[in-house]
Amino acid sequence: MSQPKRRKLESGGGGEGGEGTEEEDGGELEVAVPRPRRTRRERDQLYYQCYSDVSVHEEMIADRVRTDAYRLGILRNWAALRGKTVLDVGAGTGILSIFCAQAGARRVYAVEASDIWQQAREVVRLNGLEDRVHVLPGPVETVELPEQVDAIVSEWMGCGLLHESMLSSVLHARTKWLKEGGLLLPASAELFVAPISDQMLELRLSFWSQMKQLYGVDMSCLESFATRCLMGHSEIVVQGLSGEDVLARPQCFARLELARAGLEQELEAGVGGRFRFSCYGSAPMHGFAIWFQVTFPGGDSEKPVVLSTSPFHPVTHWKQALLYLNEPVQVEQDTDVSGEITLLPSQDHHRHLRVLLRYKVGDQEEKTKDFAMED
């Protein structure tokens with residue numbers, strides 16, 4: 001005999017200490033109990049566990065834009081790496097460490113906090129590099145190296161650059177282990193923003209207005225409901241766009257130099273900047289997209305290598321981070337869009353991204369929206 005269906009409701013308001021609500025269905029009651037807030041250590045352990053599975057590493061290495069950029073960025077710096085020591089922060093399966101060894105590094109310390117370090121050690125052994133690539137299990141904040149290093153390599157970027165990123169770990173390693181004037185790969189990051197018209201979202205919003213023609217049932221009243229469901233939230237949406245979705249010339253609103261002193265404090269306070277756009281033409285504006293690029297120094301007389309996640313470039317596994325308005329706003333050619341954007345750590349989870357957006361479209365009043373990246 002099947003159990004009666006029960007529906008659990010979230011505690012009112014979503015805040016701490018809110019009273020749980022209950023609902024009767026089939027004669028049973030169930031009270032929603034707010035989950036206890038995890039400690040920073042517990043959140044870190046859950047974060048590391050995510051990287052113990054092969055799927056996440058498959059997705060990253062299968063991203064040819066990402067992996068080729070790292071390989072080229074490392075190999076172009078062969079003159080600076082030859083005979084030197086390198087620290088790979090968050091080494092994963094060890095592929096970047098092996099690239100460094102192929103570039104001539106004398107010793108590579110591959111530090112990995114998740115259990116995938118065991119597979120990394122096997123990969124290193126399979127490639128006959130165990131004498132030069134040393135896999136060290138544990139967070140870089142606690143691992144001890146036998147020496148200072150000449151270079152640090154890390155693929156630390158997350159969605160929107162800073163969500164679940166390891167940048168704080170890289171900066172810790174830089175301060176503790178990198179020799180003065182040492183090499184950082186990549187060396188800098190830039191954040192971009194642009195207003196967008198999301199063609200996929202527009203199709204979903206207009207879907208309900210097509211039902212009368214398709215099935216003889218007028219369901220157009222659901223379009224406003226769909227708008228509230230799909231846009232009236234505060235979640236950062238990770239989705240790939242094309243250049244055709246971009247409504248104005250993108251602008252860089254923040255630049256991070258990884259060697260810069262005080263960068264840790266800047267990140268805690270929030271990085272961002274103001275923007276002003278003039279729209280290309282007539283379209284429904286659904287919100288803003290943010291993306292990033294990182295740059296590897298070019299080495300001796302070589303061009304720098306740029307890894308871009310722009311919608312005007314081939315798609316990467318990072319895609320773009322979308323910030324939807326509460327409803328579409330019609331813009332025309334030369335419509336002015338202005339405001340300010342700030343990226344900072346979530347108050348609830350130090351690894352999660354929060355985005356504060358203040359914006360004004362045309363003659364409309366200025367509005368604000370506070371976004372977060374969900375688990």
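Here the Cβ of each residue, glycine as well, is placed from N, Cα and C on the backbone.
What Swiss-Prot says about this one:
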- 1-36: region 'Disordered' (REGION)
- 19-28: compositional bias 'Acidic residues' (COMPBIAS)
- Thr21: phosphothreonine (MOD_RES)
- Arg38: asymmetric dimethylarginine (MOD_RES)
- 44-374: domain 'SAM-dependent MTase PRMT-type' (DOMAIN)
- His57, Arg66, Gly90, Glu112, Glu141: S-adenosyl-L-methionine binding site (BINDING)
- Glu155: active site (ACT_SITE)
- Glu164: active site (ACT_SITE)
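Location within the structure of each feature annotated in Swiss-Prot.
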residue	record	Cβ within 10 Å
His57	S-adenosyl-L-methionine binding site	19
Arg66	S-adenosyl-L-methionine binding site	20
Gly90	S-adenosyl-L-methionine binding site	23
Glu112	S-adenosyl-L-methionine binding site	29
Glu141	S-adenosyl-L-methionine binding site	13
Glu155	active site	23
Glu164	active site	17
Q. Of all the recorded positions given, namely Gly90, Glu112, Glu141, Glu164, which is spatially nearest to Glu155 (active site) at the Cα level?
A. Gly90
Q. Which of the three DSSP states, helix, strand or coil, fits Glu141 (S-adenosyl-L-methionine binding site)?
A. coil
(Q) I'd like to know the mean pLDDT over the domain 'SAM-dependent MTase PRMT-type' (44-374). (A) 95
Q: Taking only the Cα atoms, work out how far Glu164 (active site) lies from Gly90 (S-adenosyl-L-methionine binding site), in Å, as a whole number.
A: 12
